[in-house]
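> This is the feature table in Swiss-Prot:
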BINDING   TYR13, GLY14, THR15, LEU16  substrate binding site
ACT_SITE  GLU76  active site, proton acceptor
Amino acid sequence: MSYKEKSVRIAVYGTLRKGKPLHWYLKGAKFLGEDWIEGYQLYFEYLPYAVKGKGKLKVEVYEVDKETFERINEIEIGTGYRLVEVSTKFGKAFLWEWGSKPRGKRIKSGDFDEIR
């Protein structure tokens, strides 16, 4: 999958999810559904972030246009995340994983909704 295509699938797990502060970035995006991705751990320190490890991560999968993807990617990459490709039940999708060592509190369930 290439992010140069007309539309791109993304998997989001934190502040871009429904009901979260940055979900407005996904206005007009096509919601494909929820999934759990194996091989990731969720942490929280001011912001949520996922790192590779033993665990699972709850994601929402969307199809977005190229412009939306590029806008989100610029923000995520600029704050320390890196873009990776993951497998979901909806097909391959891009996910932003944390680019450094884990810190903060681990959310063992892998679900950002547990953070209040």
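Keep in mind that glycine also has a Cβ here, set from the backbone N, Cα and C atoms.
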> For THR15 (substrate binding site) and the residue listed as 'active site, proton acceptor', determine the Cα separation and express it in whole Å.
11
> Below 8 Å Cβ to Cβ and six or more residues apart, same chain only. Which residues does that give for TYR13 (substrate binding site)?
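Listed in sequence order, they are LEU42, PRO48, ALA50, LEU57, LYS58, VAL59, GLU60, LEU95, PHE112.
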> Counting other CB atoms within 10 A of each CB, which of the recorded positions GLY14, THR15, LEU16, GLU76 comes out lowest?
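Among the recorded positions GLY14, THR15, LEU16, GLU76, the sparsest Cβ neighbourhood within 10 Å belongs to THR15.
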> When DSSP states are folded down to helix, strand and coil, where does GLY14 (substrate binding site) land?
coil
> Measure from the CA atom of LEU16 (substrate binding site) to the CA atom of GLU76 (active site, proton acceptor) and give the result in Å, rounded to a whole number.
11
